[in-house]
Structure formats: structure tokens, C-alpha cells
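Participant: Pulled these from TrEMBL:
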- 1-150: domain 'Cytochrome b561' (DOMAIN)
- 15-36: transmembrane segment (TRANSMEM)
- 56-75: transmembrane segment (TRANSMEM)
- 87-110: transmembrane segment (TRANSMEM)
- 130-150: transmembrane segment (TRANSMEM)
């Protein structure tokens, strides 16, 4: 999204893209560590659900995607031909990992709701409605992000379309 929504020079947008994704990876790892800590302190088994398995897989794929992008597009930077050939795959894989992450977030809301219902909350109570509403907003937000990524980019000056 930073490439399409910001009207800055390409190199600046590349650094912003790189840094924002690095922050997201760090926050994702902090979230996973917090889940393990909570499970260990509450005597809940780790990695027992599809949500947790997918979460570990998705953060791993995200890290691989970031390292790949860093090496090919930032430093040491591949040749212009290599970057041009890799860019569509980088974009496609990034969108794929993002869709997996949004789907896994929805799965996490379902898992939380299942726990809440097993502890006695009403199926149509305010807590259940809040969890469902938050899940729907998360999925809609994810869909709008995908639509904005797939939309047309801001047209810049000619040198922004030089070799990637």
C-alpha cells in the first residue's frame, strides 16, 4: 500500500515499506510470545489448534518474504532483470500471506468465541456479538486492503518507472 498511496520518491517508499513490514514481523513475534506466555501461565497446552499452527506458519512465511524482499530489492539488491522478474512473485506471495493472516485472525476470533461460550456466556450475549462484530470488521478491513493493493497506483514522474 505504501507504494500506491504515498506520493514520495520510489526509494523512500521502499524504505517505508521495508520498515513497516519489519515492525509488523516484530509485533507478530511479540504476539506469539505473549500467547505462549499466557498459555504457560494458565496451564493451557501450546500449539493444539489450527489457529496456532497456522499462526506459526504464517509468521514464518512472512519472515521469509521479508528476508527475500530485503535481499532482492534492498541490500545487496539483485540485478534490474532479477528484480523485474521477482517483483510479481513478491507481490503475489505478499498478498497470499496477508490473506492467510486475515483468515487466521478470523479463525482466532472463532476460537475465542468457542472458549467464551464453553465458559457459559450466552450465544447471543453482548460478548459474543462483540467478538463476531470485531471479526467481521477485521475481514472487511482485510478485503479493503486487498482491493487497494490491487487498484491502480498513483502516477508519478517518468523516472519512477525506471528499472525496479
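Any Cβ shown, glycine's included, is placed from N, Cα and C.
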Participant: Which bits of the chain, at least 6 residues beyond where the transmembrane segment (87-110) starts or stops, bring a Cβ under 8 A of a Cβ in it?
Facilitator: 50-51, 54-55, 57-58, 61-62, 65, 68-69, 72-73, 131-132, 134-135, 138-139, 142, 145-146, 149-150, 164
Participant: What does the DSSP secondary structure composition of the domain 'Cytochrome b561' (1-150) look like, as residue counts for helix, strand and coil?
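Facilitator: Helix (H, G, I), strand (E, B), coil: 125 helix, 0 strand, 25 coil.
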